[in-house]
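*Asks:* Here it is: the structure, laid out below.
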Amino acid sequence: MSILEIKLPIHETFQSTVQGEGYWSGTLVDFIRLSGCPVGCPWCDTGYADGGKNLPRVERPIDELLGELKSPRVVISGGEPFIQKHLPELVQALLDAGKKVHIETSGSFWQEVSPEAWITLSPKQHINPKYPVQPQFWSRSNEVKIVIETGREIELYKEHLSAHPDLYVYLQPEWNRWSKSLSLILQMLQEKPDYKLSLQTHKYIGVQ
Ligand code: SF4
């Protein structure tokens, strides 16, 4: 079977939007959302808080996914992309097609993907200790994005963050408690001036 015939379970795809969060915020991107995530964050904005049994899951071949792309950059998101055994092939096929590839992950499941892929680690171990960050992600990731709800989230990760000073660290308000979270982040930035605020800009401008 050719790499282009491999199928992956797709939650949804959309094209010609902007990356709303983190380092590449404001950049034109296409999204491929892979289906499924077991982590169960209560505020999951993709619908996987309760496992997502009724959410979309359509098996689609890689060549069909490539055919609908419009932007130079593609964000593979979820769900949790790293639970999909064919994630490495999808990444490679996108790179072979001349795309820049970004992957967003909770870091709970590890597998090797091309070193050319940009990895955004958004750890959820503080929410569900059953899904700790796999240690490889701390050195492999390019940026860390932590959703702030209580202000205590970074405690669990501070040794890893100190050990990897080149990581870009973004603190992002939990959307449903935006005002409280934002003021917590402004306090946290005073202690950690190298960290940055990440806003979900796509929600402010009304795009996916
Ligand atoms: S890890 Fe991400 S996709 Fe999974 S439940 Fe949490 S927010 Fe949703």
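Note that Cβ sites are derived from N, Cα and C of the backbone, with glycine treated the same way.
Pasting the relevant annotations from TrEMBL:
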BINDING   Val18, Gln19, Gly20, Arg33, Ser77  substrate binding site
BINDING   Cys37, Cys41, Cys44  [4Fe-4S] cluster binding site
BINDING   Trp43, Cys44, Asp45, Gly79, Ser122, Pro123, Lys124  S-adenosyl-L-methionine binding site
BINDING   Thr46  Mg(2+) binding site
DOMAIN    24-208  domain 'Radical SAM core'
*Asks:* For Lys124 (S-adenosyl-L-methionine binding site), find which of the binding-site residues Val18, Gln19, Cys41, Thr46 come within 10 Å, Cα to Cα.
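*Replies:* Passing the 10 Å Cα cut: Cys41.
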*Asks:* Whole-number Å distance between the CA of Cys41 ([4Fe-4S] cluster binding site) and the CA of Ser122 (S-adenosyl-L-methionine binding site)?
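*Replies:* Here the two Cα atoms are 12 Å apart.
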*Asks:* Under a criterion of Cβ-Cβ distance under 8 Å and sequence separation of at least 6, what residues of the same chain contact Asp45 (S-adenosyl-L-methionine binding site)?
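*Replies:* Same-chain residues close to Asp45 (S-adenosyl-L-methionine binding site) (Cβ under 8 Å, separated by 6 or more) are Trp175.
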*Asks:* Would you kindly give the Cα-Cα distance separating Cys44 ([4Fe-4S] cluster binding site) and Arg33 (substrate binding site), rounded to the nearest Å?
*Replies:* 14
*Asks:* Per residue, counting other C-beta atoms within 10 angstroms of the C-beta, which of the binding-site residues Gln19, Thr46 reaches the highest number?
*Replies:* Gln19
*Asks:* Counting every protein chain present, what is the number of Cβ atoms, excluding its own, within 10 Å of the Cβ of Cys41 ([4Fe-4S] cluster binding site)?
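*Replies:* If we count other Cβ atoms within 10 Å of Cys41 ([4Fe-4S] cluster binding site), we arrive at 19.
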*Asks:* Listed substrate-binding residues Val18, Gln19, Gly20, Arg33, Ser77 - what's their greatest C-alpha to C-alpha distance in Å?
*Replies:* 15
*Asks:* Listed binding-site residues: Val18, Gln19, Arg33, Trp43. Which have a CB under 6 angstroms from an atom of ligand 1?
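*Replies:* Checking each Cβ against ligand 1, none of them comes under 6 Å.
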*Asks:* With Cys37 ([4Fe-4S] cluster binding site) as the reference Cα, tell me which of the binding-site residues Val18, Gln19, Gly79, Pro123 is the closest one.
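*Replies:* Nearest by Cα distance to Cys37 ([4Fe-4S] cluster binding site): Gly79.
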